Amino acid sequence: MKALSKLKAEEGIWMTDVPQPELGHNDIMIKIRKTAICGTDVHIYNWDEWSQKTIPVPMVVGHEYVGEVVAIGQEVKGFNIGDRVSGEGHITCGHCRNCRGGRTHLCRNTVGVGVNRPGSFAEYLVIPAFNAFKIPDNISDELAAIFDPFGNAVHTALSFDLVGEDVLVSGAGPIGIMAAAVCKHVGARHVVITDVNEYRLDLARKMGVTRAVNVSKENLNDVMTELGMTEGFDVGLEMSGAPPAFRSLLNSMNHGGRIAMLGIPPSDMSIDWNQVIFKGLFIKGIYGREMFETWYKMAALIQSGLDLTPIITHRFPIDEFQQGFDAMRSGKSGKVVLSWD
């Protein structure tokens, strides 16, 4: 079958032929319709330090997808041939304390689809049936293909009560923009997003944020004054991994504020801990999606009117995958979807 693989320990990704994956007793096989390019896939393409430590070569990559069930393992119940599915990309062990306690997103033995085992940039993907999620009929293939990153946004945004709250989102990448849209949809008062990438900030404006602030040109304190805010933000979502953005977020939080962190800062990042301690801030780390509460919320949010379509900015047939990666690497894109149909 055709697949996009990391074939060499250098920059790039290559189309190749690989054997079709084998089906286990508890697995389903999915014929891929559409895939989306994740920031992780760009790291793998660039062959950065994290990729060099993590990714075995050769390896089929990709973990954002939608497809159709074409084969079912003999022990599988609840799925039928022809079901349209996406899937949770974190495969968990089922026997550690967190798995047995129902907190599977915190499994210490997590294996990543397209990171530690063959991924979805292929004609066929095999995953445990436990990880598959049926897509409702009124959700398009394109939106279903971005459920994985949308889930990161939903998990982060819904970490805290948002109704009537003022929210600051640092980092206007696709996940940050989707998180901001979720906050607005569920009843936050002001949702402000910051970045230095004007293309992405324009995208955030299309998604309905209160203010999209280019911090290289505009002062966040002035924006808060303009919005009539006198005490700082109630909720902060750190989506950038950039130390200056996180420090600015800490400075802008109200006392007792709550922060969810999805962005991954450098391990040696320094901050003013007085901002955390004397403000009584609560900081929560976010990894992946809650299984499967986040997935049900994703579907419900779209079905209740949340419009994510502006975040998908580029579409290519799979044979033009290089253009898709070029768009993602340029910084002038939202989500990029590749069609395998």
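For all residues, glycine too, the Cβ spot is worked out from N, Cα and C.
Among I175, I302, I311, only I175 appears in Swiss-Prot as part of the NAD(+) site alongside D195, R200, L262, G263, I264, I286, Y287. Swiss-Prot lists C93, C96, C99 as Zn(2+) 2-binding residues, and of the candidates C38, C107 the one it assigns to that same site is C107.
Counting only the Cα atoms, the space from Y287 (NAD(+) binding site) to T40 (active site, charge relay system) is about 13 angstrom. Across the fold, the C-alpha of C96 (Zn(2+) 2 binding site) and the C-alpha of I286 (NAD(+) binding site) stand 19 Å from each other. Here the Cα atom of H63 (Zn(2+) 1 binding site) is found 26 Å from that of D195 (NAD(+) binding site). Comparing Cα positions, I175 (NAD(+) binding site) lies closest to T40 out of the recorded positions T40, H43, C107. Among the binding-site residues C93, C99, D195, R200, L262, G263, no residue is found with its Cα located within 10 Å of the Cα of T40 (active site, charge relay system). D195 (NAD(+) binding site) carries a strand DSSP state (E or B).
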